[in-house]
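This is the structure, below, for whatever I ask next.
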Amino acid sequence: MTEQKVVIIDTGCANVSSVKFAIERLGYDVTISKDPQVVLSADKLFLPGVGTASEAMKNLEERDLISLVKQVEKPLLGICLGMQLLGKVSQEKGQKADELVECLGLCDGEVKLLQTGDLPLPHMGWNTVSAKAGNPLFKGIEEGEYFYFVHSFAMPVGDYTIAECEYGNSFTAAVQSGNYYGVQFHPERSSKAGAKLIQNFLEL
């Protein structure tokens, strides 16, 4: 399995080193690239992201990555903002934008500000995740396992949801739409459970 071509898509706004290290610790070689040939010949792809949705989509556009990501046929895992970018639109405008941010549209989710009641934003720290039974991404991971989150926006629970988390209200912790997967938490910062999830993805 370690002979797979594993690629982290170089979005220009993501801190990829911790994701790269987490994959390498499992015995895989990793390439960071935005080259279409490298991306489309990969066996597994990661789409990490930090910052705002508007910033990230602008970076994808400037690097000609929007159509490229949509062409991917092998499993792709979006992490944190990378997962949110798989949705249709996001309310996370950044400071200057005054309308919804159009995202990649690879799943039906619309990213919204978390409704947390009296709980503070951002949602930061460890929280339990409840996965749908039988999804291979969570194989061998105990129900109610803890994962590490840092975010203020999320997708509501919908048909695309394969795992949920509760913070004031339920939100989507993981999605799947065909070959596109996404996790709102940071598996690379989530200890053994996170490592297991990355391994599960690499073994799909």
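Just so you know, glycine gets a Cβ as well, placed from its N, Cα and C.
What you see is a predicted model, and the numbers here were worked out from it, not measured in a lab.
So Swiss-Prot lists these for the protein:
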type: ACT_SITE; residues: C80; note: active site, nucleophile
type: ACT_SITE; residues: H186; note: active site
type: ACT_SITE; residues: E188; note: active site
type: DOMAIN; residues: 5-204; note: domain 'Glutamine amidotransferase type-1'
Can you tell me the three-state DSSP label for the residue listed as 'active site, nucleophile'?
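DSSP assigns the residue listed as 'active site, nucleophile' to strand.
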Across all the protein chains here, work out how many other Cβ atoms are within 10 Å of the Cβ of C80 (active site, nucleophile).
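Total other Cβ atoms inside 10 Å, all chains included: 25.
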According to DSSP, does E188 (active site) sit in a helix, a strand, or coil?
helix
Which one of these active-site residues, H186, E188, has the sparsest Cβ neighbourhood, judged by other Cβ atoms within 10 angstroms?
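Ranked by other Cβ atoms within 10 Å, the active-site residues H186, E188 bottom out at H186.
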Let me know the model's mean pLDDT on the domain 'Glutamine amidotransferase type-1' (5-204).
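Value for the domain 'Glutamine amidotransferase type-1' (5-204), mean pLDDT as a whole number: 95.
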Take the C-alpha atoms of H186 (active site) and C80 (active site, nucleophile) and report the distance between them in angstrom, rounded.
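That comes out at 6 Å between the alpha carbons.
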Hey, how far is E188 (active site) from C80 (active site, nucleophile), Cα to Cα, in Å?
11
